[in-house]
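Q: Structure in structure tokens, see below.
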């Protein structure tokens, strides 16, 4: 059994940036004297021109969020150039390959500077200009961080697409971003499998006629088709350019990147983050949440295709002059000891991973952990979804041997950085709780009707005021931004998560309240999975819900109604799984498919997902009121044939 409360270790508190007294004082000031507080925090970066006004925010329609108005800076300069005098020979990126026998790579800040300048000059030569959107579909190699920083250097907006996404998902994102330039690799590796990146791009580009140039990084050495006039090899182009490139002065509110995330309506949303506020927030949260100090070796095991990789592998750590480890592999290849072997090999001090990875390694037993030393570790972090207390305790007691605080961080693609988290030297930890808000963050709990809940209680989690890392809009669709985040509870940012607050004021995230499933820390819209299923010619209708999954947190449970005359079969089930994998990617593979002759609907024809959720969760005793259904008998039929018992 785990304890309910893990007090702050006094040794940790002594060395930490923030102790309990400082947290309370700084938090109080960040709320009471908000603008002065955020003006001070912005001094951590180098500005070409200081801002005229700290913030201008309205959470009421028309929604507008602006920070550091009139300020000018360059993100690439702040992550690379400004470290050259004092940290030029320090390792910036430490790369560990998928295959443990592949030599690791160290790239110093001096080397990173030259690589970023060269890459930026190749982009310019291709015709990329300030404000252009560039799609990046790359393996987890240092060139990916270089490509992102090169875009930031010349003022281009990057749109990184996770390398596990299918050609259809890539083309959707290219079209939505009106993107004319793509950067990819020949192929990548993941758990010994080859990921055919260039081949996927070629398939995606059939639907995207506006793409003019594709820059291909030679990495895996696979044979790929190169289309003359469109496709360019990076290793050939880079020979023709200079290794110096002046950083473009950018307005604080100029876009830095777009990152697509799942929405409840199906079409992925282009979450847009801007330059100044985003970097202030990524840098500050990286320093204080992970208690980062100059000699730390920091490793976030996420993929750069997700926001965690943007904020806490690339931008936050590099803005702080850190050594950031870039890992190509997976937790269990070639053995379940891999994470801890990498920790020992590179003397990692701070380690940040997902509950899914922790649960999958916990299932393998303690022996795989205990064959390694891990003595350099001093802090552990968790991100992507709520961590169950048992996994938290195993992470703390077995991996961290009871000496490493665990920062269980809650945040979202939309928030740019961590919003609710323990600070290791200041806040006692409760397994499973995200604990308390970060500086300047004002969480509130509301009833479904929008009434604020004071003290302990459970409700919908909203945030009452802006913070610099907040997204500014949905790319080219501000109306959708307002509708999704600001219309349910006017005057607040709606997170889409449910939350409980205990008697100590600690926050416990209870999961999504909208139609989004959190699978292995990755958000998937149920609507996009349903659309993929219904795209099969034998399917009439589909409804997808999440259900508790021991490893992934949530699994995907699909109820499928076939067209009349069609017959369910194991063969068809496999076909449907392949359809979803092709349309969205392997991450969206349904775990369970139940054949449903009919779906429970209200008299107005709306599918009652609440009921389907209870059936999928194996709680047929908690169905609640079914009298509003047009055919109540449907429910018993589904209960009798449920897959998850």
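Placement of Cβ uses the backbone N, Cα and C atoms for every residue, glycine included.
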Q: Of the residues 476, 480, 512, only one is listed by Swiss-Prot in the ATP site with 384, 385, 386, 408, 409, 410, 411, 412, 413, 497, 523. Which is it?
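A: For ATP, Swiss-Prot names 384, 385, 386, 408, 409, 410, 411, 412, 413, 497, 523; of 476, 480, 512, the listed one is 512.
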Q: Show, in sequence order, which residues other than 534, 536, 539 on the same chain lie with their Cβ within 8 Å of the centre of the Cβ atoms of the Mg(2+) site.
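A: Not counting the recorded site residues, we get 532, 533, 535, 537, 538, 540, 542, 560, 576, 579.
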Q: To the nearest Å, how far is the Cα of residue 536 (Mg(2+) binding site) from the Cα of residue 581 (CoA binding site)?
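A: Residue 581 (CoA binding site) has its Cα 12 Å from the Cα of residue 536 (Mg(2+) binding site).
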Q: Would you identify the secondary structure of residue 581 (CoA binding site) according to DSSP, in three states?
A: helix
Q: Spatial neighbours of residue 413 (ATP binding site) among the binding-site residues 190, 192, 193, 308, defined as Cα within 10 A: which are they?
A: 308
Q: For the binding-site residues listed here (536, 581), tell me which residue's CB has the most neighbouring CB atoms inside 10 Å.
A: 536
Q: Give me the largest Cα to Cα distance among 190, 191, 192, 193, 308, 332, 520, 581, the residues the record lists as binding CoA, in Å as a whole number.
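A: Greatest Cα-Cα span of the listed binding residues: 24 Å.
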Q: What's the CA-CA gap between residue 193 (CoA binding site) and residue 384 (ATP binding site) in angstrom, rounded?
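A: About 24 Å separates the two Cα atoms.
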